[in-house]
Amino acid sequence: MSIQKKVKNRHTLHSGIFNPTLRKWQSLQSEIAPDNLMYPIFIVEDDEAVQPIASMPGVSRYGVNKLKNHLGPLVEKGLSSVLLFGVVESLPKDDTGSHADSPQNPVIRALPKLLSWFPSLTIACDVCLCPYTSHGHCGILFPDGSINNTKSIKRIAEIAAAYAKAGAHIVAPSDMMDGRIGAIKDKLAECQLRHKTAVLSYTAKFASGFYGPFRDAAKSKPAFGDRKCYQLPPGSSGIALRAAARDVAEGADMLMVKPVLSYMDVLRDVKRAYPEFPMFVYQVSGEYAMIYHAAKAGALDFKTALSEILVSLRRAGADVIISYYTPVVLDWLQTKSKL
Ligand code: PBG
């Protein structure tokens with residue numbers, strides 16, 4: 001027998017995966033634990049409301065008082081972080097998003113309660129203008145409708161500082177304006193909050209068709225035009241890496257790719273370029289709805305498919321997955337059969 005033949009024979013893959021422990025050893029880096037999950041939540045003005053969201057079956061908007069009962073059992077099951085989005089209905093929207101950081105803002109009002117009910121919970125706040133502006137764009141506009149970047153990042157930094165002052169542990173700007181991470185870092189320093197508030201950058205946020213259900217949920221559709229001038233073009237990976245380099249240089253604590261299923265190459269590239277930064281991915285509303293409807297139609301088995309997707313995100317380099325499915329996954333993690 002030639003040496004070559006012998007070597008070839010040694011490469012039996014089945015010998016590495018014939019029992020559950022062996023299989024786990026092949027995939028330890030892809031395991032899912034509660035700390036790998038962040039749960040996005042929509043908070044409305046009416047403290048007692050629970051409003052199911054038609055475009056995201058199984059997800060609701062909550063008034064803060066209803067969150068006590070909703071989040072309590074999840075924290076018991078190991079939920080360690082949430083991402084808060086404010087949704088306004090009766091507060092007026094204007095050109096500068098005045099209610100993004102007013103005392104009536106639902107997130108600002110909810111923070112002290114959530115912090116006192118759940119002292120172990122790490123709370124991140126999405127920072128953006130689109131849910132609060134009359135035009136529905138993520139920045140301040142010039143009269144011709146284009147983005148005034150200078151004014152936008154000043155305003156975004158003010159809003160981030162307001163959430164930080166109200167107790168947010170993490171501020172997460174999703175606006176995609178140029179230079180916002182640096183502006184937020186400077187503002188936090190000015191407010192003596194530099195060491196108390198982390199900045200999670202929506203680093204590579206693509207102009208995606210998968211945000212549709214969210215814009216319903218957050219009532220944040222642009223009144224005209226689209227977001228292609230500030231969110232990244234789906235075909236480009238170079239600009240995502242440049243965005244990551246910029247955010248890192250400006251002092252981001254954590255990086256994110258969003259959406260993720262169609263951008264796994266970007267996830268891997270950014271994680272490989274910056275392995276020393278915790279890497280977040282956002283499984284967005286359209287990805288949530290896609291899995292839900294495919295399972296409901298019987299096209300795929302829900303648990304098998306969702307587990308496979310989550311594990312593959314970890315395999316591709318995600319440390320933390322922001323997912324509306326977090327409650328379901330925490331349930332699964334209660335049983336011994338880990339994902
Ligand atoms: C706000 C924001 C969006 C999402 C998170 N923050 C929508 C958008 O940019 O249009 C999308 C999240 C999701 O689809 O689940 N700028």
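Every residue, even glycine, has its Cβ placed from backbone N, Cα and C.
Residues or ranges marked as active site, schiff-base intermediate with substrate by TrEMBL: Lys205 (among others). Around Lys205 (active site, schiff-base intermediate with substrate), taking its Cβ as the centre, 26 other Cβ atoms fall within 10 Å, counting all chains.
The active site, schiff-base intermediate with substrate annotation in TrEMBL covers Lys258 (among others). Within 10 Å of the Cβ of Lys258 (active site, schiff-base intermediate with substrate) there are 25 other Cβ atoms, across all protein chains.
The number of other CB atoms found within 10 A of the CB of Cys128 (Zn(2+) 1 binding site), across every protein chain shown, is 26. For Cys128, Cys130, Cys138, the entry in TrEMBL reads Zn(2+) 1 binding site.
Among the features that TrEMBL reports, Zn(2+) 2 binding site is placed at His137, Cys229. Annotation for Cys229 (Zn(2+) 2 binding site): same-chain Cβ neighbours under 8 Å, separated by at least 6 residues, are Ser146, Ile147.
Positions annotated as 5-aminolevulinate 1 binding site by TrEMBL: Arg215, Arg227. DSSP assigns Arg215 (5-aminolevulinate 1 binding site) to a helix. Around Arg215 (5-aminolevulinate 1 binding site), the same-chain residues at least 6 positions away in sequence with a Cβ under 8 Å from its Cβ are Lys221.
Residues or ranges marked as 5-aminolevulinate 2 binding site in TrEMBL: Ser285, Tyr324. With a cut-off of 8 Å between CB atoms and residues at least 6 apart in sequence, the same chain places Tyr39, Pro40, Met56, Gly58, Val59, Gln283, Ser285, Tyr288 near Tyr324 (5-aminolevulinate 2 binding site), listed in sequence order.
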Practice problem: Would you mind checking how many other C-beta atoms are within 10 angstroms of the C-beta on Ser285 (5-aminolevulinate 2 binding site)? | Solution: 24
Quiz item: Cys130, Cys138: which of these binding-site residues has the sparsest Cβ neighbourhood within 10 Å?
Solution: Cys130
Quiz item: How long is the line from the C-alpha of Cys130 (Zn(2+) 1 binding site) to the C-alpha of Arg227 (5-aminolevulinate 1 binding site), rounded to the nearest angstrom?
Solution: 11
Practice problem: For the recorded Zn(2+) 1 site, whose residues are Cys128, Cys130, Cys138, find every other residue on that chain with a C-beta no more than 8 angstroms from the centre of their C-beta atoms, and list them by sequence position. | Solution: Leu129, Pro131, Thr133, Gly136, His137, Gly139, Ser174, Asp175, Ser220
Quiz item: To the nearest whole angstrom, what is the C-alpha distance linking Lys258 (active site, schiff-base intermediate with substrate) and Cys128 (Zn(2+) 1 binding site)?
Solution: 15
Quiz item: Which recorded positions of Cys128, His137, Lys258 contact ligand 1 in the sense of C-beta under 6 Å?
Solution: Cys128
Practice problem: Select the most exposed residue of His137, Arg227, where exposure means the fewest other Cβ atoms within 10 Å, treating these as the binding-site residues. | Solution: Arg227
